[in-house]
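Taking it in order: structure first as structure tokens, then the write-up.
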């Protein structure tokens, strides 16, 4: 019999560990007992899903394969330790390996009564819905005065105690045999037909049609139009496929899309119930065979790319265009990374196009203030460009009626926008050669994407939050998905390969040259990819709060519970991989917050996200508090200084400029109470708890500034629309971690450099995993330009130098 024994504490010295080790030896002829430690289990946080991390999956797999479970708990403040509680939370959040699993509770404590109260509480927890373990009644083993209970060999001293433990354990063996009979597969019968159900997805309702025959689920059709394109797409293919393949509801949620995953599973369960069957029967069946694949695999490629976001797919496309074979290895079930979550357009100066648009009020003032900067504050390598820009701007200001732009303006704004001081007063700015490549080749990247198949809107030029200038190229399709869908199609149709569910654990090095990767598959199997070169494109570490806190030198505090707009996949893996072969790091102390994030989830796709020229930010008192056209870090700090929570106020015309939304989504959010709407500004103020007169006065003043083209309060850099056409809207916002500027040190060819400034042979990096470009603050819209410019360069250089 196979049993798993869990040490219910992360303490280095524990009598509960000693008890389980004794049981492992003492009952070795009766059962194979595997002891699992909870030392590395993260504290439970439902906004930071760790279900698919190796430590949680180790418990999931071991418990699923075991005949029974033993949990040994100490007693802390009359209950179980928080670390044990966190483990159980993780094992009942998106996975449920304890459901129906025969479980024995034991415990050891200094107290004479052992861990009796903790064991009672643990029993209640294990009986709870979602956990639903089958706990052995009675016969609980409580080891009191544990500090006197063991001899020098770790054996229990008292024979009567051993005898009682024997009786409890032998009863548990019988209990396991009987209880597991309840878990044997049952036959199921449906009333044939197609059943329509509506369940909850991440963004709202998910209508579904489930077709069943007499004994099978035959088809699952989901209307996913309400979900964000690209983010949850894998849910709508994988989960129905595994349900049908295994005729089971024992299907794991997809990492990064747990809400939608559980929505699909709940919807099918409802349909099963409508068809006259018990969904619990399907929940207790084993997983689909494809979900249990453990076969090791080995691949050969010319270039292997770590990360399936924009930078990784751009690198793969460049490798294919050079006539070579790439393999992309992606950590998560779905590709796209942070790119698919991008909420804004892509920066690139295109003066011929931009010049066909009229200038906005305030833009000429922005340029005048820029060229008035004291030259003594400009770093030497940028001074020649700054002086040349002054000449360009002075010529433009003779007729400032149209929208101006140039490569020099883009370069200087990227430089100044990233120039920051840390908490100790140390200054950082973007590496000149990297900034030059970005700004010179940005439009080339737009044209390259167009050639591959991305369509851009030509009827408007826009600007994401904190971009400082209108030079945004907005795709026709939803923002990030527009890039990922086209690049994925290009890579697959031209002979590239993409491996998902495969976090890379190690770089393979041969005689000092990086020659491939070792990854771990969905079920722990080894995946080897041998290649002539490796490109790291795995993103930053915005979803790794501990790593943010470790390196932070810019923000006064990064709270433990801070939200992020990032995919949960970006936890710094590529940076650690680079360090493992000697890579140097740069700018790690600087991270960026997105000021206009959802206050609960950190996401960017809720509410009305409009161009900054139409931002009207008010604090909880109904007053403006910042130049809304400013950089992201300044907007975020201003929001934090005003309590964190603020509101974006909009009217019906401003609503029409919003990204990534529809009237249907807006109506659903108003109904859900996450977006506010009213026929008057005063009524809107009442809904969000403000003084109606204060908010009305704020909007009246703002409208007068738009008319005048000048903001005497905060000197807003650009205006577009007034707020005066009903209905009016308020979108609650709060800063969340959005981007990490630091990373692996690279050169303009994307070689990864070691601490001596030397090239690490065979290793390249592009995108957020690399540092040195954005310095202390990234301009909005520059991340997309970064990943597609340097992603292409990485693929091209890797082929040129190694293949």
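From the backbone N, Cα and C atoms, a Cβ is placed for every residue, glycine too.
Here is what Swiss-Prot records for this protein:
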ACT_SITE  632  active site, proton donor
BINDING   311, 330, 338, 339, 343, 344, 573, 739, 768, 784  FAD binding site
MOD_RES   258  FMN phosphoryl serine
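Projection of Swiss-Prot feature records onto the structure.
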| residue | record | CB count, 10 Å |
| --- | --- | --- |
| 258 | FMN phosphoryl serine | 22 |
| 311 | FAD binding site | 36 |
| 338 | FAD binding site | 26 |
| 343 | FAD binding site | 21 |
| 573 | FAD binding site | 21 |
| 632 | active site, proton donor | 24 |
| 768 | FAD binding site | 34 |
In DSSP terms, helix, strand or coil for residue 338 (FAD binding site)?
coil
Please report the Cα separation of the residue listed as 'active site, proton donor' and residue 343 (FAD binding site) in Å, rounded to an integer.
14
Any idea what the Cα distance is from residue 343 (FAD binding site) over to the residue listed as 'FMN phosphoryl serine', rounded to a whole Å?
21
In whole Å, note down how far the CA of residue 258 (FMN phosphoryl serine) lies from the CA of residue 311 (FAD binding site).
25
Check residue 258 (FMN phosphoryl serine) against DSSP and tell me helix, strand or coil, would you?
helix
